[in-house]
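Enquirer: In case it helps, TrEMBL gives these features for our protein:
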- 211-571: domain 'Cation/H+ exchanger transmembrane' (DOMAIN)
- 625-761: domain 'Cation/H(+) antiporter central' (DOMAIN)
- 768-933: domain 'Cation/H(+) antiporter C-terminal' (DOMAIN)
- 270-292: transmembrane segment (TRANSMEM)
- 298-321: transmembrane segment (TRANSMEM)
- 333-356: transmembrane segment (TRANSMEM)
- 368-387: transmembrane segment (TRANSMEM)
- 408-434: transmembrane segment (TRANSMEM)
- 454-470: transmembrane segment (TRANSMEM)
- 490-514: transmembrane segment (TRANSMEM)
- 520-539: transmembrane segment (TRANSMEM)
- 551-573: transmembrane segment (TRANSMEM)
């Protein structure tokens, strides 16, 4: 490559997203390069994170993604010989270093965990991986990162123990201070603050406490200062605040799109306009009755009314994002309406400033006309020149290259000149900078750079100085707490702003069909006031149009509009939780006569006969069955180099001849069955192509995309010729375990021991398959019973339900029961048993009483008798359907107590592990089912909830 080398593999604070940018035309080249980089990252930990980032876009490559890949190559050019050096040390210690980037992913706000492990002082493993769920706080993200590090440490200790290698000293887990926002001298002092309490604390800390400190400090230090030094400090703070507000308004305009004013009105526009109009009317009615100014004239009323109609959109956006409702419909609507409201109100204030008197005798009509003409000419020239100039800068300085120095100086100089020396700057440089930012195009490198740099300046330097300056002007001693007029002004100001916004959103809600509680909540969110409102009050104070007490009232009102926002969000979330219609994706809650969507996973062609029989018995009677036959294929360096874009539902296809031949063999076999007797079954072919460490994510994502209610995974062990099970595939076992933890629906693990040897379960009247469902109790057993109900409707299946009942009269019933810990409280156990009885009674009435299903009861006193009864069933059935009975999955633990201690495969549960062991039977297949438990990101609801 002839490019210039770069010192870092990825841009700092990158904003790569899946949907941003133009499509990259040569997708095959991108995927081949990614395959090689993934292979290279196995020995180059310095590019592991960068490769992880760009590998997320293999299915939808954009030009910025390709530029990021090229940046990695440029970095590799600077250090082609860099590698890992292994040295001999006297001691063998195991250390893990972890870190986490909380909500660092721009696209989905998920956190990224990273760890590296040292054995004997040498780096041996490392990983940078996005967490599976959105962490509600940095503490939660830190704990997840620690869990990864601890798991790696324990794995190494077990591995070295198996190799009979002695480990010196304890296992060490080292964290970064950023991992959990704790001091370095207290690396493990976590304080759990979850959900909205965490977000509330962050919002208050970020938006109020720092500002209040500046207010109090400025008020106490400078309010009555008379020395020359204090006066000089005051003048300096005033100048810095003026410059900061120019930057603030410039960025505010830069983040807005003025062209939305010319588009057809949307619901966001309707909400914004009705809120502005209603607040303006209410404020115009209320303000003349307030004693805020000695001279309450029309101009004063109009400007203050427009100011109260405004919304602090940057502050609103930040609060909504921190409080985790940015992806909801009301959150998106509030942010968009706030931007519209802020833009319209600020434009109106900019126009109104032309007519504000600059001297006591006022402004003549001729001067107003002259200023208006100058401003019109300025805006016309800016609209014609600034976009072309900005696009020229962006075209000559593309992403991924250093910005040209002269171009950067020219761009900044032009912006400063327009903001400070244009005709409108003589009237108000603040409003002039807002119009300048509004005209400059939002897209492009220059706008992004200016926004990032100026926002950093504002947050680090300007805001503390600004509120110190505000505190210097606000002499709290002039706030007459004993005068009822003071409190009346404060209350009426707050009511005018709040009532106006609520009235507007209620009117818009009636027109758009919103619920009135959500309309009120939306009005309260749009009522947020911020820095610009306080600045307008400051201008009025310096011009003598407002006294100090009234200015303090405006400051307090602005603070009050921020304080209640977390309470409003909590109300919205509570309403969403009550209205949430989300149901667990389980078989138990699925209508038996409705269509079943099933994700049937396959390791290879050897799973096809068993899969066909599972499809046949699962379709039962006449209810529909949609099967998504999914091939589980490992993504390695060889496979990644052959990826090409697919044309069907698969995101990508593999050009490797071995894999293509295998998939064709599977497809042909299943399609032959569909052609012969596939009535009522809809078949779709899918592909889970990933590394084994991430394959569970692909399976879960496919299941969620197709709204599957049931996933069936093949057991990681296969049956040998002698009937016993082989050692199995450890990677597939890990995939099964992860799917059990993260699946969006119920999951079944199928242990095939002869089910595939049956030619095909016949759909005729005679019996082809004897099956049994074991019912002890718990949600997993109820799920197994629901699946057995579908199987029982197949005419070629003879099903027997075997219920294990605790024999409380047996002499030895208390021998093992004593000392057994029942999971949960006694009340919870009783409730679970009541649900079990209701579920089983319903199944009995529908299937057993009708003569379709056989029934047997086994009275056992303890787990030993349970095992003995199970062994007595050997050779009677070709298929067992059982619940996994994992943690919390079974209430009556007396009948299975102690079985977990000698489980060989915990993912099968105690009953499934016994039935699938080689000591039990060599001809009985086992389907172990786990019921889905609904999990959400925001306390019981999805983060993309809808309430409007």
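Backbone N, Cα and C define each Cβ position, glycine as well.
Show me how these features fit into the structure around them.
Expert: Note: the domain 'Cation/H(+) antiporter central' (625-761) comprises 52 helix, 39 strand, 46 coil (DSSP; helix = H, G, I, strand = E, B).
In the predicted structure, the domain 'Cation/H(+) antiporter C-terminal' (768-933) carries a mean pLDDT of 80.
Taking Cβ pairs closer than 8 Å, the transmembrane segment (270-292) reaches residues 301-302, 304-306, 308-311, 333, 337-338, 340-341, 344-345, 485, 488-489, 492-493, 495-497, 499-501, 503-505, 507-508, 511-512, 522-523, 526, 546-547, 550, 553 in its own chain, all 6 or more past its ends.
Sequence-distant contacts of the transmembrane segment (298-321), counting only residues of its own chain at least 6 positions beyond either end whose CB sits under 8 Å from a CB of the stretch, comprise 203, 206-207, 252, 255, 272, 275-277, 279-280, 283-284, 287-288, 292, 331, 334-335, 337-339, 341-342, 345-346, 348-349, 352, 355-357, 493, 496-497, 500, 525-533, 536-537, 540, 545, 562, 565, 569.
Residues 267, 270-271, 274-283, 285-287, 289-290, 292, 308-309, 520, 522-524, 526-527, 529, 553-554, 556-557, 560-561, 948 of the same chain lie 6 or more positions beyond the ends of the transmembrane segment (490-514) yet place their CB under 8 Å from a CB of it.
Long-range contacts of the transmembrane segment (520-539) within the same chain, counting only residues at least 6 positions beyond its ends with a Cβ under 8 Å from a Cβ of the stretch, are 245, 248-249, 252, 271-272, 275, 303-304, 307-308, 310-312, 314-316, 319-320, 330, 333-334, 337-338, 341, 346, 349, 430, 463, 466, 470, 473, 497-498, 501-506, 509, 514, 546, 550-551, 554-555, 557-558, 561-562, 564-565, 568, 571-572.
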